[in-house]
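Here the structure comes first, spelled out in structure tokens, and everything after it is commentary.
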Amino acid sequence: MRHTIHTMKKGDKAIIKDFDIDLVPLKLLEMGCLPGNNVELLQIAPFGDPLYLDINGSHVAIRIETAREIEVELIEVHL
Amino acid sequence: MSVQNINVALIGNPNVGKTSVFNQLTGLNQQVGNYPGITVEKKMGFCKLPHNFKANILDLPGTYSLNASSMDESVVIELLLNKNDKLYPDVALVVTDVENLKRNLLLFTQIKDLEIPTILVINMADRMEQKGITLDIEKLEERLNTKIALVSSRKGLGIEALKELIVTYKTLSCEPCTIVSNIDPEYFKRLHSTFPDQLLYKLWLVITQDVNFLKLERNEIRSTFTRSHSDLKRLQQKETIKRYQFINEVLKEGLQVDASVARDFRSKLDRVLTHKFFGYLIFFAILFLIFQSIFEWSALPMDFIDTTFADLSAVAAEKLPSGILTDLISQGIIPGIGGILIFIPQIAFLFLFISVLEESGYMSRVVFLMDKIMRKFGLSGKSVVPLISGTACAIPAIMATRNIENWKERLITILVTPFTTCSARLPVYAIIIALVIPDKRIFGILNLQGLTLMLLYLLGFGMAILSSYVLNKILKISGKTYFVVEMPNYKMPLFKNVAINVIEKTKAFVYGAGKIILAISIILWFLASYGPGEAFNNAETIVKEKFEAQNLSELELENEIASQKIENSYIGIMGRAIEPVIQPLGYDWKIGIAIISSFAAREVFVGTLATIYSVGGTDNEATIKNKMQEEVNPVTGQKIFNLASGVSLLLFYAFALQCASTLAITKKETNSWRWPIIQLVLMSGFAYVTALIAYQVLH
């Protein structure tokens, strides 16, 4: 199964694999959203969107439509 | 030895405490203005340095990188690219947060690549122990080719050492950190051979950014070296990766974090503040607290200012030799100034709350909490910030929409923000509520007047949301939606930062609005004190003849003369000309004049009425409120300010776009007259209709 930030559950940790550069804003890259970096899903907003992430030590919130584009590899699943 | 002046620029990501560093360095020696031609706030300050140096310190807008995505960020690049700018820094201080060093260093490497003498300021050093962070300063200085100042702007630590360091600016290394040409050697080689004198990174910024630099050459650079948008972005990604690689290597040697020590206060607080039930409950409780307290807490100082100015008018009228000049002072200028100063308590409270919410980091949680809901109405979670700060003033609120990435969401936010109840409406509401709503408590705790005010605020928000919904359906604009918002760490708001912010904002309000109000008061006074023709100039004779048979007392006669005069003054003639339009709303011509003059700014309404009622009045001691309370319609004998006309006025001011500055800022931010005109026609048209219905139903 293809995992993206969107398919992660709260508390999951993953490594960013790949994404289509045209669909992800430059600002997010500058915040540390780059292949190989860690990402943890910290909180999900009350109506399921946006997602509150820890990317490479930066705390940011993004919308699902962006999260869907960022492929990840799960490394730690929250129980 | 003579004093040497140097330029220092403060640069940094948002939320790193850059402004606190600025406040620590400059204290109250600050000037807030605008960059020429644009509405980006420009903060300058002055600071005495050791060894006979003096620094002009420029606090540049917060930016995550030199790849600008907003007007505020472009300001930073334009300054740093233009060596001829008189503010071009002799030294740049890049302020970073010790907890976010990795991300903050990205901007640092970019500034270094511009070959500007740079000092790395690592802020919030007092939190290092608590977070288990250790730094090898020597190693970092060596690897980054810079000098480091470890400071805590919250505790005022390290500031003196920083000042010492600034003075040594001439000895700082200007060597770049990374070599940008590595991302595409072939391309950059060509670029270099065409422009051998220019810094490659500068050229690269000119190609990728929308900034004004080397105006003549820019087209040339662009036409020869243009690449597709997608290509450029790929290269920018490569550049970003390179920079992070460099930063990671440096930090591997210079930074250690012992995660077991770190206590996580943030996640606990996040869980509560973004909770699906408690999150919203807390948010609305905070809003409620703000609005109840603005009305209750400011009442006392406001009454004090009001009576003080009424007394002052009376004293001036009594003590100064009687004549036109005294009349102007006691009836025009003093009530005019009083009409401005009376808003200070409420405005200060409002700015206090807003700056505490922003300083603490809570505002980002509200953005996170509200995004999904706001999107249903065509807005963004980020629209919450303009909508809330719109309660202070629509001008900064509309400027705050700049970080909304999506144009449609941003445009709708700009268009609906003026519906939120700004501080200029407050004095209008305050005085009308005090006149027509009884000062009673219901359920023992809720003050009825406070409740009315709260309802008006909710009405403002409600209209903003409702009209967004409509605009979202009508406007056909598509575009990519981006949404990236940083969730900063929670911070206890610093008293000094909040205080400076409140003082600066209040001062700007008093001077900005004050000038307009004062000028309008004086003009109004002239228009009300003079008139054309017989009916004004022979008022005394006409009135005496008219009432000859009725045997009026001296005082009654004087009042009749005064009202004959004001009705036939210039302003009276103008007022009566527009009376047919406003009569159906329940207003007399005096209110009509106040509405017209308050188009410049809403708060002028109260000052105008104060001036009109003072002119020719015999009783200088009465407060504005008393004078308004006693106004009676000469035909019906009813009070002018009754429940029906009061509610009608409240609704009119709630919806009408009575603010010339808002139109100007909308024009600037949307780059067209189309949007401000649409805004004006829709809002004021809607206001007229609702006020009309309200009066006709309640009457």
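Keep in mind that glycine also has a Cβ here, set from the backbone N, Cα and C atoms.
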Annotated range (TrEMBL: transmembrane segment) out of B:101-123, B:377-399: B:377-399
Contacting positions for the transmembrane segment (B:640-665) when only residues 6+ beyond its ends and CB under 8 Å are counted: 39, 394-395, 398-399, 418-419, 421-422, 424-425, 428-429, 432-433, 435-437, 456, 459-460, 463, 585-588, 590-591, 595, 598-602, 605, 628-629, 631-633, 676, 679-680, 683-684, 686-688, 690-692, 694-695, 698-699
Cβ-based isolation winner (fewest other Cβ atoms within 10 Å) among the binding-site residues B:GLY27, B:PRO61: B:GLY27
Near-site residues: Mg(2+), ref B:ASN23, B:THR26, B:GLY27, CB cutoff 8 A to centroid: B:PHE22, B:GLN24, B:LEU25, B:LEU28, B:ASN29, B:GLN30, B:GLY45, B:CYS47, B:ILE500
Maximum Cβ pairs under 8 Å to the transmembrane segment (B:277-295) - stretch from the list B:333-357, B:411-438, B:450-471, B:677-698: B:450-471
Three-state secondary structure, which DSSP defines for B:GLY12 (GTP binding site): strand
B:ASN23 (Mg(2+) binding site) and B:GLY12 (GTP binding site), Cα-Cα, nearest whole angstrom: 15
Residues near B:LYS18 (GTP binding site) in space but at least six apart in sequence (CB under 8 A): B:LEU10, B:ILE11, B:GLY12, B:ASP59, B:GLY62, B:VAL95, B:ASN123
Three-class DSSP secondary structure - B:GLY27 (Mg(2+) binding site): coil
